[in-house]
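Feature annotations, courtesy of TrEMBL:
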- 31-58: transmembrane segment (TRANSMEM)
- 78-102: transmembrane segment (TRANSMEM)
- 80-284: domain 'ABC transmembrane type-1' (DOMAIN)
- 114-139: transmembrane segment (TRANSMEM)
- 159-186: transmembrane segment (TRANSMEM)
- 207-236: transmembrane segment (TRANSMEM)
- 268-288: transmembrane segment (TRANSMEM)
Amino acid sequence: MTATPDQGLPTGLAGAGQPAFLSRFRLRGAVWLAVPAVLVLLVALAYPLAIVVLRSFTDPAPGLDNYVWFFQSAVNRAVLQRTFVVAAWVTVVSLICAYPYAYAMTIVGKNLRLALILCVLVPFWLSGVVRTLAWVILLQDSGVINSFLRGVGLPPVKLIRTLPGVVIGMTQVLLPFMILPIYTVMKGIDTRLLQAARSLGAKPWRAFVQIYMPLSLPGVYAGCIIVFILSLGFYITPALLGGPRSILLSSLVQNQVLSLLNWGRGGAMGVVLLVATFVLLAIAAPLMRQKHSATRREA
């Protein structure tokens with residue numbers, strides 16, 4: 001007679017694999033383990049955010065005066081638009097640089113893969129201020145890049161105190177946040193699917209575009225969302241690399257709160273940026289899921 005996997009187990013463990021009370025106990029234990037993190041989030045995030053929202057409606061007087069002031073100012077509207085444009089450009093440039101890099105990490109040997117991963121992680125060990133100051137040295141009018149251009153007989157390019165310079169600096173800082181989600185998804189893709197497609201007559205580029213890329217879209221979407229959201233709140237890099245024509249909303253918030261001590265207007269700016277971000281994500285997330293589902297069906 002053939003033994004079954006449940007034979008020899010206690011009655012409570014047979015069939016389901018573990019008693020119901022044990023499952024409930026583990027679930028409750030998991031909930032209690034999450035309590036410290038939830039408390040930290042409430043104290044460090046939810047409470048300060050609630051205070052900012054409250055002061056935006058009550059400082060210096062209760063009402064919507066701070067929001068009316070924000071939207072009546074042409075400068076504020078232009079800076080808000082510029083902030084989203086810069087965030088979009090940083091996201092696009094990061095994706096263009098990160099996708100081939102992440103793919104290379106999945107196809108190279110073990111030693112080279114470790115070196116590539118190390119290159120991604122090294123920026124996390126350095127301060128954002130240090131990295132931005134390094135870009136100041138590279139991008140300034142007498143910096144390394146323009147010195148090289150002059151050396152080869154080309155005219156210098158104005159990069160410091162410009163939006164392109166801000167995009168370059170922010171892309172370098174945020175690039176790891178795009179590479180890691182894409183690589184995490186790519187390393188789980190079965191490359192035998194590409195081999196099967198090629199064995200059926202598909203050209204390598206066609207198999208990659210129609211099979212591999214759709215399967216990697218979850219990582220692309222995750223990386224784009226992370227980079228875009230982080231770009232909206234960047235302060236140090238735009239402040240050091242940008243100029244009067246490349247000010248982002250974070251600089252205006254800093255000026256209102258720390259220089260003018262106007263917490264109401266600064267809070268209103270932050271709330272407007274937060275709400276606009278949530279609205280864009282609420283619109284983009286369903287479109288991304290719909291596009292991903294359609295692409296997978298076509299693949």
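In case you wondered, yes, glycine gets a Cβ from its N, Cα and C as well.
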Selection from 78-102, 159-186, 207-236, 268-288, the stretch that has most Cβ pairs under 8 A to the transmembrane segment (31-58):
268-288
How about long-range neighbours of the transmembrane segment (159-186): same chain, 6 or more residues beyond its ends, C-beta under 8 Å?
82, 86, 89-91, 93-95, 97-99, 101-103, 105-106, 120-121, 123-124, 128, 131-132, 135-136, 139-141, 143, 145-146, 215-216, 218-220, 222-224, 226-227, 230-231, 234, 237-238, 240-246, 248
Positions on the same chain near the transmembrane segment (268-288), where near means CB under 8 A and six or more residues out:
52-53, 56, 66-67, 69-70, 76, 80, 83-84, 221, 225, 229, 232-233, 249, 252-253, 256
